[in-house]
Ligand code: HEM
C-alpha cells in the first residue's frame, strides 16, 4: 500500500518544487463547513484519546490507539486519492516549513510527511492532515493595547490564513517533542496525535481560547458596569465601626467583594467580619504557603481537593473556608447549568454569560471547567489587588510629602469630598497614577519565578538556551533593577511624572507579559484607581504609632507580609 501511495506523494513534491514562492494559490484553505467548525471557539474539546467522531469504529488498533477504520472513516475520498495540484493547504504548510528560501527541500519534507502518515495509519493522508490542522488552529488571539495608564487586553478574531498559520506553527513546535530525527517523521506523528486528541498543540489552542473568553468576559463586565464611586465606600463605612484595623485585610475584603460581585453577582459580605478577618481571604493567604509545596508535589493538591470538608476542618481550620467557598461556586454553577434562565435574573452580565455564551449557540464549557475558572478568578483577583493597595497606602501614609501631594491633586479635582469620583477622571491624575505604579512595582504581583518554555534555541542575556528548556524569572529582578528604577527600593511616585514614563511602564511586569499574562488587568487597574482615589480623598487615616517604616515580606507565590499596616485614627471627611 505504501508503494502505491508513493507516486502520488512524489507528484505533490514535484509540483511543489516547480512552484515559485510568488504563486500563492488563490483557493481557500478550508471549505465553508470546515471554516465554520473551526470558528466555533467555545466548542468543548473531545475527551482525550478519543477521536472527534463518536461513530467511528474502534477495532484493529494501529499506533497505540487510533484505528485503521476510524481514520479511514474520516475520509469520504478514495483510498489512493492524490492531493490536487497546488493544494493550497500543502503549499501554505510548505512555505511555513521552508528555511532560507529552500522551497524544494520544504516540499520534500511535506511529501515525505504524507508518506509517514500513510504508513502510520494505512489511510489516505490528506484528510488526516486537513483535520489535524483545523482542529489545532485557534479562532482568536489575545491582543494588548495601551489606553492611558492601562493596558487593555482584548480578544481578536483571526482570518482563515492567520488561524491556519498559527495552527501549523504549533504543530511544528509540538513535533519537536516527538521521537524521530527527521522533521517529516516527527510531524507525521504529531498530526496523528492531534487527530487522536493527544497532542500538546491542542492544549495551546484551548489555552488561547480560554484566555480570550475570560479577557472578554472581564473587559465586558468592566465596560458595562464600571466600578462606580461606591467601590471605595464599603471600606470607609467599615472603618467607621472599627477603631484599629489592618488596612491590608480591609483591601483584601474590597477586592474579594469586587470579584464576587462582578464575576458572579454574589456578595461575599466580607466587610461584616470583625477586623476584616474574613475566613476566605485568610485561607487565600494561607494557600500562599501551600502553593510553594504543591508546586513540587502536585499530587498533594488533588489529594487535598478530594478530602471531605470535615477532615479539612480537623486538619486545618483556616483552610476550611476553601471547600466551603468551592461549595458555593459549585452550587451556583450547577444551578445555572440546570436552568440557564437564572442568568436573566442577575443584575448585570456576569462571567457565566460569556463562558456559557448562549447567544452564539456554541457548545458550552463543562461543569468542572466552569468551577475551575470561577475559583481561579477569586484566587487571582483578591490577594494581588490587596497587596498593591496595601503597599501604596502604606507609603502614602508613612510619607507626609507624598500624602500632601496626593491630597492636593485629589482635592483640586474634587473640592467636595462627597462628590462621586468617576474612573475616567481618576485615570487622568498623574500623581495618583504614579502612586499606583509604585504600589504595583513594590508589591510585584507574583514573586515566585513564572515558568516559560523556550520554543527555539535562543540567547538570553548572553547565555545560550537550548530549545525546550524551562526558564523562569521573578518580577522582583526587573522591579528592583537600579538601571531602570534608580533607588529601586524607594517609593517615588515622582519617577512616573517624567516624559519617559510610558517607556518606564514597559518595565512594570506585575501582571506578567505575553499570552499567560494576567487576565484581570483591566479590572485590577479600575479597582486600584477607585479604591485609592476614594480612600485618600474621603478619609483621614493615621498609622498606628510605632508602625514599622518598612513593609517586610517573604517570597512565597505572592509576597507574604510580616507586619500588617494598622491604622489607628480615622475620620470620614465631610464636604
Ligand atoms: C494588582 C492586581 C493583579 C496583579 C498584580 C496580577 C498579577 C497576575 C500575574 C503575575 C499572573 C500570572 C501570569 C503569568 O503566569 O505570567 C496573573 C494571572 C491571572 N490573573 Fe491576575 N493579577 C491581578 C489582579 C487580577 C484580577 C482582579 C483578576 C480577575 C478577577 C485576575 C485574574 C487572573 C487570572 C484568571 C490569571 C490566570 C491567567 C492564566 O491562567 O493564563 N488577576 N495575574
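Including glycine, each Cβ sits where the backbone N, Cα and C put it.
TrEMBL lists 42-61 with the feature region 'Disordered'. According to TrEMBL, the compositional bias 'Low complexity' annotation covers 49-59. The annotation domain 'Small ribosomal subunit protein uS7' is assigned in TrEMBL to 86-216. Positions annotated as heme binding site by TrEMBL: 518.
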Where residue 518 (heme binding site) falls in three-state DSSP terms: coil
Mean of the pLDDT scores, which run from 0 to 100, over the domain 'Small ribosomal subunit protein uS7' (86-216): 84
Surrounding CB atoms that lie within 10 Å of the CB of residue 518 (heme binding site), all protein chains: 21
Per-state residue totals over the domain 'Small ribosomal subunit protein uS7' (86-216) - DSSP helix, strand, coil: 87 helix, 16 strand, 28 coil
